[in-house]
Amino acid sequence: MLENTKSLWEWLLRSGGTLIDNNAGFLLIGAGQACFATMDVAVKKANEVDPSIPVLELILIRMAVTYTCCISYMYYHDISDFWFGPAEVRGLLILRGLFSFLSIFGLYYSLIYLPLSTATVLTLVPFCTAISGTLFLKEDFLLREALAGAFSLSGVVLIARPPFLFGENPGDGNGENHVDVAQRLMAVGVALLGVLGTTGGWTTIRIIGKRSLPVQTLTAYACMCVVGSTILMCVMGIPFIKPTHVVWWILVLVIGIFGFFAQILSTMGLQRDALGRGTIAIYTQIVFALILERIFFGYTIPYLSAIGTGIILSAALYTVLTKKRTQEVRDGSDDEKRVLLSPEEHPNEENSVEQGH
């Protein structure tokens, strides 16, 4: 009896380890989405502070914190090229930063006028990045992954409940009562513009592959955001709002810290998985957003949103459980080390997406 129980536990542990190993990229991206959802709550709360914090200032402060953390980490671990990244991908790192600046601006602006869950579902990133990965990186986009993406998108529609499908009063709860049609349309338009930035940023990460560390990629992103937001604030004459509340500082810290870990986890996940499959994990952010929105803003989740959330979770679970064992050779417990430390320490590591992954 005891021997059978021990064998069962060994089998469960072995199966669980295999499942995690085969889906490391997917799970890392999912963890990153939980951090992103927490950060988005802080961003939306910051818009309620009197005086409210301008979007560009939020980006500037968050990315200044992220940049400082990245530089400090690389300096402490004696990582080379920590200022500008490896020379061979420096241009791609800058391009990734510019794309992602557009992405974060689109999200932060939309959070001013839209509920957290609505702003989250408008990203449409999984489909866009899957198509981008197929077109530019020649990655396989399997039928089951396409079906899972379409299934997830149906859940997104149930959560967003666009007026042209559900009418002018789709029962969205109490999250948009103060927003007029023009503001909502502008927010949606800017959010969709951010989709292009997110797609470009994630695709660029895959092109870079493991030629750059996640922390180097994040450093370039943060640097471009700091430079871009500073220039735009000066050009547009947006004043820098000085902090007047303790709550203000707490929100800034939450935005900076959770934004940092969200980017690191997502980048590590993308380096392990193909765009088409890995970005399906982004849909899990909608689930986190709905839960946090209920906790912090008292937003009532309609039954259609609950159904949509269940659909998204089912599609994500299906994607994980149908993942076949990757052909890439892994080093087991050294996997984290290979990703976080300098690639020069691992000369046999594949250097580009085109060489296979």
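Note: Cβ is positioned from N, Cα and C throughout, glycine not excepted.
Note that the structure is a prediction, hence the values are computed from the model and not measured.
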Can you check which of 1-22, 89-110 TrEMBL lists as transmembrane segment?
89-110
Provide the three-state DSSP residue tally for the domain 'EamA' (25-160): helix first, then strand, then coil.
107 helix, 0 strand, 29 coil
Where else in the chain does the transmembrane segment (89-110) make close Cβ contacts, counting only residues six or more beyond its ends and a cut-off under 8 Å?
40, 43, 55-56, 58-59, 119, 122-123, 187-188, 190-201, 204-205, 207-208, 211-212, 216-217, 220-225, 228-229
